[in-house]
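The annotation domain 'MARVEL' is assigned in TrEMBL to 7-139, 144-280. Residues or ranges marked as transmembrane segment by TrEMBL: 12-31, 43-61, 81-102, 114-133, 175-202, 214-234, 254-274.
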C-alpha cells in the first residue's frame, strides 16, 4: 500500500474529514445523554454511526490507495454513499430534535442534545458539499451515479424506504394496495440499477441500457402519477383527522406518504428529463 495524502488534503477529502468528525461528535454527545430510545432514537443513532464507519473506511482506502483492489466501481460507490448519507443525516437532523428536545431547554442534557443537532446539520452540509464536488460535469458519464439521474436514483430509493416506514392500514382498499405495489416495484428496480452500477454488471445486459432506463423512468413516472391521485383519494375519502392524533396516528402517516409520493413523482419527472437529454440530445 502507498500513502496518498491528497485523499485528505483535497477539497473532497476535507469535506469527508469534516463529515467523519461531525458524525463522531454527534453520536458521542447523544450517547452521553443516554436519551435515544425508541425507534426514532435508534434510527438516528444508527445513521450517525453507520455514516461515520463507512466514511472512515472510504478515507482509509483512498489514503492507502487500496480501493482499486475492490470488485466495484469506486466512483459510483462513493457518489451513491455520499448522496445516501446526506439524505440519512438530514432526516436524523430533523427527527432527533423534534422527538427528543423539549421546550424550555435548560438542562445539561438538553444543551448536549442541541449541540448534537447542530453538529448533525453541519455533517449534512459536509456530505452535501461532497455530493456537489463529486457530481459529474455536463457531458461526463464515466460515473453514472455521480450524474444527476444517478443521484436521483439514490434519492428515489431512499424516499421509497421512508414511504415503507409509514405504511399503515393499506390492505383493506384495492387502490391503496395498488399504490403499495407501485412503491415496491419502483423501489426494487431502482435498487437493482444502483447495485448493478456499483457492481459493474450493467455492461453484461444485452440491450441499449440508456434507452431502457429512459423507458423505465417514463413508466415509473406514469405509475407514480396514479399513486399521487389514488393514495390521498382512498386514504382520506370520508375520513377526517381524529381529535387525538399523536405521532403514530394513521392520519399523520398517510399524510406523510402523500407528500413523499409527490416528492418521488417530481424526482422521477426530473430524472426522465435529464435521462432523455443525456440519451437523445
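FYI, residue positions are counted from 1 along the chain as it appears here.
Yeah, the Cβs are placed from backbone N, Cα and C, and that goes for glycine too.
In the predicted structure, the domain 'MARVEL' (7-139) carries a mean pLDDT of 91. Mapped onto DSSP helix, strand and coil, the domain 'MARVEL' (144-280) counts 109 helix, 0 strand, 28 coil. The stretch with the most CB contacts under 8 Å to the transmembrane segment (114-133), chosen from 12-31, 43-61, 81-102, is 12-31. Broken down by DSSP into helix, strand and coil, the domain 'MARVEL' (7-139) contains 109 helix, 0 strand, 24 coil.
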